Amino acid sequence: MSHELPVIDDIREIVEERFDIEDFLAAEQQKDLLRFTTAGSVDDGKSTLIGRLLYDSRSVYEDQIKAVTRSHSGEASSIDFAQLTDGLRAEREQGITIDVAYRFFATPKRKFIIADTPGHEQYTRNMVTGASTAELAIVLVDARKGILTQSRRHAFIASLLGIRHVVAAINKMDLVDFSEEIFAQHQRDLLALADKLDIPDLLCIPISALDGDNVVTPSERTPWYYGPTLLEHLESVPIAEHLPKAPFRLPVQRVIRPHQHFRGFAGQIASGTIKPGDTIIALPSGQTSRVQAIHTFDGELESAFAPQSITLTLEDEIDISRGDLIAHQPDAPTATADFEASLVWLHAEPFAANKTYLLKHASQVVKAQLETTHRLDIETLEPQHAQSFVLNEIGEARVQTSRPLIVDTYRDNRTTGSFILIDPANNATVGSGMVRRATHEVSKQPTSNGGVLLTLPHAELTAGLEESLLASGEDVVITGVQKPEVWRALLHAGLIVLVHAPNTVQIEIVTLNRQDEFTKRPLSSQIDNETILRELKLEKGTGHDDDKL
């Protein structure tokens, strides 16, 4: 019996520890997550600031501290904080940040994901990558130098990417003897810049990332500063407070049909709130229905909001595919194939005006051509005429797509208002864009999505057209089926359909009008391949209200 008591005590400790862990994990799941990015000019101290945040918030392991300690004393003053985030060998050798370094840490109030972005101009595209999902940006400014061109560029990109909260961290205050006058001058300049860039929330904080002043704890060396420390502000700033209140948007990523009695539409809510019974519209088809249920991995929900991932089931069987968008009917977004956008060029190969790019928007990919409007002078923030874009340049362009996209402006919705450009020759991402204004809005009634069908009497003509269309990058299907339901499905998919119809003598172009009815336009039997190709490309995506079949 004397040996049983210690065993019982051990079991009790294990059970209590298990419950402590479960309570801890449950509490962690309830915490908000703030994604933020750091940016600024070269050597402004971005990586040092993040290292200090990680160290002072006790989010660094002992072996990591030893690896970046200049001596073995273990004192904070001997730690090279920048080395905690500059992970690449080239970065450590040069003492700069090249890649975007992501770090995670947490406090009792909130969880954080940091994106440490490069300061060099040639890595501006990396800054765009790091800031694209951020809700707050920390722009560092060297107290000795003030606002530099790259700092201005990063502040503009933060504004361009719709980041509503910006912290201007006036760093290296220890090198200017914590001068209130110098801080006040930089603060005036930064507030003027924020007003010009339309940044709604800018806070200036005097810090020393190396010494830790006003990073986690208030500094005794800035008695004239009464604002929060950097960490206090990060813990209290509102997170995505506008998303649940915005109009409902659900880009469909997948149609789930495990059996004949279930058909759900899965995706991540981009904005807004949804609940069973709500009336929705599926775009671009324009069909409406009501929400039957909201399914998740943990069961059905009474309501869901951004950015939750859900599966919707509807009361009616309507045609919805990957790439479509589900919205509340009264607040449906714009359907357009012609819009104006801000563009950040990300590739070493310059933009080519006559080139067709692939445009990825939400969960669909279409072909697009762009016409430059102007580039932006980062120093003056004034537009300049431009016929092309080169690496790291920012400007405006008119975008025309092969079929309509369902878009919002980027200011209203960062998911449905953004896109990336892909070079079809090498699959490289060459640009990122933000929708500013729809130049031409199309009807939200059912449309053909740009599909065109051509009936051809000769197999040789069909094969020759297929080869030419594929060589020009078109999506082509050849079929001998002449059933209306098959034609309608192929046209809704936005394809060029070549129908081999040996029992006919007339070449006809067939499309769907806005009432989803077939229309036809005959072509001359003596027409050549080049003219047929031109007619197909002119017809694609337009549709006609000619003779109904």
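Glycine is no exception: its Cβ is also placed from the backbone N, Cα and C atoms.
According to TrEMBL, the domain 'Tr-type G' annotation covers 31-245. Taken from TrEMBL, the feature GTP binding site covers 40-47, 116-120, 171-174.
Positions of TrEMBL features highlighted on the structure.
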residue	record	DSSP class
Gly40	GTP binding site	strand
Lys46	GTP binding site	helix
Thr117	GTP binding site	coil
Met173	GTP binding site	helix
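Counting every protein chain shown, the number of other Cβ atoms lying within 10 Å of the Cβ of Thr117 (GTP binding site) is 27. Note on Met173 (GTP binding site): other Cβ atoms within 10 Å of its Cβ, all shown chains, come to 29. Its own atom aside, the Cβ of Lys46 (GTP binding site) has 31 Cβ atoms within 10 angstroms in the protein chains shown. Per-residue pLDDT, averaged across the domain 'Tr-type G' (31-245), gives 81. Around Asp43 (GTP binding site), taking its Cβ as the centre, 18 other Cβ atoms fall within 10 Å, counting all chains.
Cβ contacts within 10 Å of Gly40 (GTP binding site), excluding its own Cβ and spanning all protein chains shown: 28.
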